[in-house]
Amino acid sequence: MQRTGDGERPRFFQQDLDVIPDDKGSDLFIQTAEGPDGHVDDEVIEDKTRFITNLKEVLGALPDDILEGYWNSYGASKDGLSKAIQQHFEGKETKGCSDAHDDLNTETQNSQNTIVNGHVSNQIKRASEGGLPILKRKKQLCCWRRFLGSTQVNAMATRPTAQPLKYGSELLIRRTSGQPNNSGLRSRKKPGFSQYVRFCDATSSRELGRLPEDISEILHTLLQTPGVEFKATMIFCNSKRLSVGDLFVVRLDCFVTSLLFDPALPGKAEDEQFQQRNRALMLLFKNLNMTPLAEGADLVPEKPEFYDLEEDESITDATVNSPTASDDYMDLNQLRNFYRSTQESASIFKLRETTPPVDKFQLELRRYQKQGLTWMLLREREHAILEPGSQDALADGPMDPMWRMFKWPRDTSWDVSRGTTYVSLEADIPDKFYANLHTGEFSLVKPISKSILKGGILADEMGLGKTISILALITMVPSDTKHLLTTAQEKPPVGHLSLELGISTVKPYTASTTLIVVPMSLLPQWRNEFVRVNDGNGLYCEVYYAGNVSNLRTLLVKQKSPPSVVLTTYGVVQTEWSKLQQFDYEASNEGLFSVEFFRIILDEGHNIRNRTTKTSKAVMALTSRRKWVLTGTPIMNRLDDLFSLIKFMNFEPWCKIDYWRQFVSDPFEKKDYSSALEVIQAVMGPILLRRTKNMKDEDGNPLVQLPPKEVVIEMIRFSDTEAGLYKYFLSKAEHSVKESLARGDLLKKYSTILLHILRLRQVCCHFKLLGSQDENDEDLKNMKLINDIPDISTLLGEDSQSPGSSSEGMPDFIEDFKTKYPNSDALKDLECSICTCEAISPLTSVVFTRCGHPFCESCLLEYIQFQNKKGSETICPNCRAAVESRYLLKLEDINGKLEPVPYSNTKKSSKIVALIRHLKHLQDTSANEQVVVFSQFSSYLDILENELRQSFASDICEIYKFDGRLDLKERSNVLAKFTEKSLVKMKVLLLSLKAGGVGLNLTCASHAFIMDPWWSPGMEDQAMDRIHRIGQSNTVKIYRFIVENSIEEKMLRIQEKKRSLGEFVDADEEERRRSRIEEIKMLFA
């Protein structure tokens, strides 16, 4: 290492390599040169000023006399700027940073000259062609250099050597002329990167070998990138001379200099060289295992100082392609990591708690809700409302989503590990640095996100009180106070009027009104919750639905006290938007689209996840100054679900589809899941808050204390009749699947096979469902074959008739019955001899034996089954007469009159029998219990309603049904009646999984029955969360009915697999169908 004078520092870089002039020949750094500020009339003075300004940008601060001399000598020349720069570097000294530069040691010239670039004069010539320099930079000279990492590669010899290479000998890396094949298609005419990057002997400059393709791709680009340097050292060649094709191990040390951190360095995103440079930087960081730090992290594992060549799996072989294929799917574990990263970035548990004033908000928030309220107020920049110090956790502001924070690794370069000492200008360099590998920018200062978005996504898990949390925000900030204060003394803005229509083209700003868009089923619940928390504080809510408001714009703009909240539904928004698309200008002057709201809140915001639907487009057209999305599932099917939410909030620049595709969609479709998720996590971190029931606060306490939840899977056995029907449809389904597999067209028969599966599921519930359609299955919509089924009575054969209807003694039995019970009065106070229940009710649930004794239907059937299992004769508990299944009667309401008819058990659903048995037990143990029964088949709910009404009298049990066929008023009445506690009656709510699976608060019930399973376990979890959520005070017990040895049992296994491995988040619809095909194969395996 060469020494300078006493007290001088050793230097590391050559003078010609430290100065990185502009390179117009590269599209990487093209920017538009700007002249001096202000207008100058004298053309000569303007040219001189421009010449000196651009000269300073390349050379830094110089004395005025030197600059004047360069202008006098070269100002009039066409390429004068190039000549002035060349003259300066050939014979002049610069000031400032050059002083430190001249102190650097030049003895290590060869070791630092591992990058073979073109001569400075040639670079300057290319940079100045056509006029002005193309880089703007305050400092051109390297002021410091830091070690970034090391990697080891297996190089392949391309030239023989006369003697072995010495251990530790230095190698040069040379980039030869020519262009590699960037398309990925290797050919003889277009060789790869490894043909253009070679190792050379540092002493003789003789070529020795080539590098692996992936390493060559990195070096080919970065060798000509200012601020990145490499040093190559030979560390293994088996102590023999090299022949062509031999492998030898080379260590690459990578360094970065201050030039890489020059803010003027990055070029334009559309430039090919710029994109290649950024890709090379990404590959370099990946190869060096540079792992980003989470905000607030201090340490990362340091790399070992010594390497074991035999165990180091990071060595890249020149003969093997190193990139590996990514998995073809993403699972729920990755989504959980995504949510976890957003929770960490929000620093939610470090925020102070904000409590709404008790005179304004009637409820007491939980601790995590108070912290969430602070986060929401910060998102809306309502700092004046917050207590001092509330924003300390986010004082510095969130880091820009595209940037990552890294810690400088410990210097384990070859020279340092061998004890070589040197002095470097690193004293003032922070121990962390920041990189945006997508744009190629580097910084030593934390880049702060500068989004102007006011709002965010509250994605708390279902049941944690998102509704109450957002209502607390509305109570705290009901209006735009700053706007109201500034406009109090001003006249309202007058828009331009259309001469033809007389309609203002400027939307008035409703600074005191928040619009909340909800699913129709949740409209009554939101209204009730608003009244409950804001009772008596002066705020009021207006429901905008079914034309109840004649002119919304007048209501919001011209009234002195407009509503604080307007509640409407997605359907209303879509309807009004559709009218606007038909050029109905009156609608734009009256409805939701005629004003700009203060705030818009979307409940169940995932309803707009498909941006191509009318609902999504309509919601996007609404305008406001603050926007919020409430959803427990921001990602449902695809990663692009998030784009619609971001677009709704106008989150720049991510709301632009081209930007989103470049950084999210395209990498995802190319199976680069890690890159796509990395960007998503960074983007969503500042604007998304998610808490789950299992999370704990800063003190280690659970966020919410909920009572226990017990889920019981009850296996149901088919009756003989159901088993016969199931076997018939199963054989048809298996035959269809086997044929499709044999022909290889299973995907083409997708809908037909799903139809077979649907029929099997329907038989498991009730054979009367055959011919109806699953309202949740999008794949079977409008399918013509849905009603193409054989006659059920034909399939049942003799079982379709009552066993006793054709018996010779049945007419006599009916006559004897009518004699014993001549009228309805004789049927009063009937008692079951098995359960000793007096006054069996309703009478339609009574079954009479041949001897004329009455019994509860469920009691008698259980008794017969019990005796059959024992192999004993079934006899009447009263008179000991034989009981035969073919001689049973029941009462049926015919035209308002009860008539005896032969009883048949063949038309009974085993699941319904089990449900009735459980309900009767609940009635006996807790007469006023409230129960929810879930199913995804609306027609099944109809069957259940009829069966339950026949089994339970109205004076002891009330049955309610809630599905998509009810209008808003009917839904409100059903929920109000069900939630009202009765002291003597049991209440049963039959609930459609689609209509009531989300949003509803049914904590009044503590028992639930899920009658049929669904493909996704998440659907059933949502149903359970309607009951097991905040407000529940009792232990929750949930029964899931599964028919054993049926398709339902296999669906249960698929659910278990999804829970353990995760559900697919597919890139497109075709992949979603393929994943369903895999499930189909499992069902018929």
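Any Cβ shown, glycine's included, is placed from N, Cα and C.
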Annotated range (Swiss-Prot: zinc finger) out of 195-243, 440-488, 685-733, 832-880: 832-880
Annotated range (Swiss-Prot: motif 'DEGH box') out of 175-178, 379-382, 603-606: 603-606
Spatial neighbours of LYS466 (ATP binding site) that are distant in sequence (at least 6 apart) but have CB under 8 A: LEU458, ASP460, ASP603, LEU630, GLY632
Within the predicted model, mean pLDDT of the zinc finger (832-880): 83
For the motif 'DEGH box' (603-606), distant same-chain residues with Cβ under 8 A (at least six beyond the ends): 457, 466-467, 516-519, 522, 526, 629-631, 633-634, 636, 641, 645, 648, 998-999
Counts of helix, strand and coil residues, the motif 'DEGH box' (603-606), according to DSSP: 2 helix, 1 strand, 1 coil
Listed in sequence order, residues not in ASP460, GLU461, MET462, GLY463, LEU464, GLY465, LYS466, THR467 with Cβ within 8 Å of the centre of the ATP site Cβ atoms: SER469, GLY632, ARG1029, ILE1030
